[in-house]
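Taken verbatim from TrEMBL:
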| type | residues | note |
| --- | --- | --- |
| BINDING | Gly105, Gln106, Thr107, Gly108, Ala109, Gly110, Lys111, Thr112 | ATP binding site |
| DOMAIN | 24-348 | domain 'Kinesin motor' |
Amino acid sequence: MDKYRVMQAENRKLYNQVQDLRGAIRVFCRIRPAGRTNDDSPVCVESAGEDGLVVRCPGPKNELKDFHFDKVFEPQVTQAQVYEDTQPLIRSMLDGFNVCIFAYGQTGAGKTHTMSGTDVEHADGRGINYRALDDLFLLRDERATEVVYSIKVQMVEIYNETLRDLLVDGGHQVRLEIHNTQASGLNVPGAKQEVVTSSADVLRLMDKGARNRKSAETRMNERSSRSHQVLTVIVDGDNLLTGAQTHGCLHLVDLAGSERTTKSEATGDRLVEANHINSSLSALGDVMAALANKSKHVPFRNSKLTQLLADSLSGQAKVMMFMHIAPEASSFQETLSTLKFATRVSEITLGQVGTW
Ligand code: ADP
Ligand code: MG
């Protein structure tokens, strides 16, 4: 078979997989290797098979709790292996689907590792954000005789319910508003979108985004864990043979740390931040639950985060949530709260058949 036919066959296969996925939400769990955060307390989490997880509650009873997901990634699983499960979704975007991928979990549980990566100057360390864009470039080249694609990137953070453009340097910020009526990926007209054509472009932009995020940090505030970062990829395709046009949008979301701050710990700015994070994460949970239940009313308007993502979550969006677990016993309470959030979304969707 020539290359074109191979590609057609592959597209059909992927198309079928995508059909299975219509409206689906997949919930994955990734366990961070122990000891990455200077915490030497014993490990209280173990995987139990491909899709299960056991948490050992500290205390005299040593009670065990079981949880189930679409899949559990054990600590030694590589960035490339994690990406394998994401790949079909990224590909479906080229055919005009909207996709959202979230990293949820307490600070230090590995969200940024999954989305951006660690030591990204080495390809092995790169997370989903880089791999997704590289894949899009590859597919664009493979299909070049048939379709012309334009790939654009936008990067914003949401801090205390305010949007900030991470592709614009500090002094040049404009006020960003969300317009609910726009097509997916175009609902923040004031945000800068940059065309990317190669991995080098992406590395440069990510670096810029990271620097802009860093520049807003104060001594007291490690900003990256207190804000949501949303990288949006917008892909438009023009089919040269049929004249058909496609439009797809991918949101890659590194959420703020989900840890609960007690009133006694947090005062002033910290308390304001904590309240904003708590309310936006619960708004996200409500939206996910409504989508999973196929409810008529999805409460997108309750937070900036859900408003921003509404454009691609309504309709036939494909959603993937990576729940991140810190395995140390000291994080036990936060782990349970993460697993509870995950269960709320996944117990409704488990049982829906369909392969990736
Ligand atoms: P978060 O973004 O949730 O606060 P990070 O992604 O920054 O957490 O992870 C905390 C630390 O653990 C970082 O140093 C990161 O490199 C490391 N880490 C997280 N997950 C993994 C993993 N799966 N394998 C190796 N190191 C990891
Ligand atoms: Mg982080």
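The backbone N, Cα and C atoms fix where each Cβ goes, and this holds for glycine too.
TrEMBL: automatically predicted annotations, no manual curation.
The most densely surrounded of the binding-site residues Gly105, Gly108, Gly110 is Gly105 (count of other Cβ atoms within 10 A of its Cβ). Over all protein chains present, the Cβ of Thr112 (ATP binding site) has 20 other Cβ atoms lying within 10 Å.
Ligand 2 lies under 6 Å from the Cβ of the following binding-site residues, listed in sequence order from Gly108, Ala109, Gly110, Lys111, Thr112: Lys111, Thr112. Confidence in the domain 'Kinesin motor' (24-348), given as mean pLDDT, stands at 90. Cβ neighbour count for Lys111 (ATP binding site): 29 (other Cβ atoms within 10 Å of its Cβ, all protein chains included).
Taking the mean position of the Cβ atoms of Gly105, Gln106, Thr107, Gly108, Ala109, Gly110, Lys111, Thr112 as the ATP site, the remaining residues of that chain whose Cβ falls within 8 Å of it are Arg32, Ala103, His113, Ser225, Gly257, His324, Ala326.
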